[in-house]
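S.K.: Below, the features straight out of TrEMBL:
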- B:29-52: transmembrane segment (TRANSMEM)
- B:82-108: transmembrane segment (TRANSMEM)
- B:83-326: domain 'ABC transmembrane type-1' (DOMAIN)
- B:120-144: transmembrane segment (TRANSMEM)
- B:191-210: transmembrane segment (TRANSMEM)
- B:263-281: transmembrane segment (TRANSMEM)
- B:307-330: transmembrane segment (TRANSMEM)
């Protein structure tokens with residue numbers, strides 16, 4: 001319980017909460033401490049009850065569904081009675097609902113802004129909200145090209161293709177990176193997402209940072225170029241890429257199916273997508289500046305040259321209150337957040353949504369931040 | 001109906017007081033219920049209209065048209081291409097569906113043997129009950145790849161031909177409307193595919209209504225035509241079709257209503273774009289209002305959401321206008337015959 005920006009507000013909160021906060025805090029942190037060790041064996045779930053509601057990013061929908069279900073199962077098996085729900089309303093709406101107190105936590109593809117943090121004290125018992133990374137999803141560059149299974153692409157080439165400057169598969173720029181491939185004389189059909197999407201935003205952010213000359217549109221949520229092939233949602237994207245020859249698109253790696261996945265140039269070598277390589281992208285990235293210690297936000301380093309790092313990833317955050325006035329609710333949120341950031345919870349998401357599990361260090365760090373949440 | 005039954009009752013019932021008072025109780029309850037149900041329609045419609053108007057106000061207020069500043073979004077520029085795409089898709093769908101529907105309806109009402117006619121009628125009704133998501137799946141996964149050769153053929157043979165001479169300066173169209181021009185490439189997630197699936201979806205609606213109307217052609221008129229030596233086709237042309245014209249128009253408007261508002265099928269088939277292009281084979285050129293709302297609303301908030309609701313209001317008004325026009329046409333041709 002650090003005194004943050006506004007000491008008066010924190011003092012008021014302290015006065016309101018009184019000594020109860022301290023006891024509740026220590027009591028529940030014991031419980032979540034045990035769950036963090038990956039134990040379904042912890043005894044902290046038995047007293048959980050009521051409703052836990054969250055909303056936000058649709059990208060984490062599969063993971064959140066798996067988490068809420070397995071978490072409710074755990075709670076039930078220990079005699080608790082908790083209803084946890086997640087409504088995939090979109091990142092923006094999720095943050096709005098969280099800040100207005102309609103939901104206890106939000107899922108968001110982007111961390112809360114300074115403004116959001118400042119206004120969060122209203123709902124968060126005088127404390128600021130915190131962001132915790134819970135979901136790392138690698139975005140694969142998928143392609144469908146007869147006779148070509150492996151493809152090496154540099155950021156400049158990817159940017160050129162999606163900007164419409166490189167239009168044929170036998171372009172010398174592509175051939176230079178793929179000396180062994182038999183590239184056909186065929187038009188490239190770039191496919192984008194027709195809906196607004198965090199995947200598009202992270203993909204274009206990667207392009208604009210690694211290949212600013214080839215991709216000049218900057219990081220955008222809505223595809224900026226008029227016309228061209230597109231699909232609605234990840235499934236629409238995949239079916240569009242599958243439906244043509246010479247198509248190339250970008251999609252959540254777990255959904256790539258039988259499509260070819262391009263290896264992306266990092267430094268001097270080409271990195272194939274893997275869950276480990278994606279998780280490393282978060283590890284090599286610095287923390288965003290100007291934030292509290294327990295507000296874990298990364299400034300993703302897309303331009304890293306480190307070996308074995310796959311830089312096109314989407315990091316989704318869980319937005320939580322630094323303090324919950326309602327003790328039952330606070331305990332439920334803490335237990336749930338601890339569960340999903342634990343190695344066990346991360347594995348559940350990896351199995352069900354194909355995400356890359358957080359590394360152990362990051363998982364521990366997240367755990368610490370969650371333990372710091374006060375309740376009561 | 002209730003009023004016609006009530007009037008004789010009140011005249012006669014004044015002498016038989018006991019019976020009539022019991023009837024009056026039932027009457028008043030029933031009339032209250034039916035009037036309430038009727039009013040409910042108005043209330044619902046009003047609530048939807050109020051919701052659309054109030055929720056779209058933020059977008060209207062912040063738009064370039066209202067503020068007069070060069071920055072920010074333009075209501076017209078976002079809405080007009082969507083209206084264009086919606087109307088174009090629906091128009092092509094109707095152009096395909098209406099002749100086929102009339103053909104099926106005539107076959108059922110005048111050509112088919114009785115047993116076949118009733119089976120066919122049943123199948124048509126069944127087709128109308130298929131959810132649009134299913135049509136979308138079928139269209140997107142099965143139909144689109146199979147339409148590819150047809151599109152390429154049309155593009156190569158008719159692509160250079162002006163299908164319709166025309167110039168639409170305010171929307172920036174080509175000087176000549178060449179529907180099949182452009183460079184179509186697989187997968188054919190274009191307006192033509194969406195329109196074909198829409199046509200299949202509106203087909204049963206138009207057919208069902210047209211069949212009923214054709215069946216109501218006065219038997220004597222048909223027999224008179226046949227007695228005068230007309231062939232079956234001549235009978236249909238001179239008696240059945242003129243009689244059923246207003247019914248077919250009404251049926252088409254019902255179909256148009258569905259085509260305009262259809263969401264899932266378009267969303268799953270069309271690769272969208274926002275232009276005023278008449279090239280229906282090119283992908284990424286068109287989008288319909290309903291599909292746009294469905295695809296954008298998940299991640300929209302604030303003004304974006306308000307803008308989507310504004311496009312919803314436009315669609316609401318558009319369908320209203322089209323229904324009004326349809327009623328006017330039906331009423332006018334009804335007077336004539």
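Here the Cβ of each residue, glycine as well, is placed from N, Cα and C on the backbone.
TrEMBL annotations: computationally assigned, not manually curated.
Quick one: how deep are these features, and who are their neighbours?
M.R.: Residues 117, 120-121, 124, 171, 191-192, 194-196, 198-203, 206-207, 210-211, 213-214, 236, 240, 248, 251-252, 255-256, 259-260, 266, 272, 274, 276, 278, 280, 286-290, 292, 311, 314-315, 318 of the same chain lie 6+ residues outside the transmembrane segment (B:82-108) yet bring a C-beta within less than 8 angstroms of a C-beta in it.
Sequence-remote contacts of a segment are chain residues at least 6 beyond its ends whose Cβ falls under 8 Å from one of its Cβ atoms, and for the transmembrane segment (B:120-144) they are 104, 107-108, 112, 187-189, 193-194, 196-197, 200-201, 203-205, 207-208, 211, 262-269.
Beyond its flanks by at least six residues, the transmembrane segment (B:263-281) meets 78, 80-82, 84-85, 88-89, 92, 132-133, 135-137, 139-140, 144, 151, 154-155, 168, 171-174, 177-182, 184, 188-195, 197-198, 201, 287-288, 290-295 of its own chain at Cβ-Cβ distances under 8 Å.
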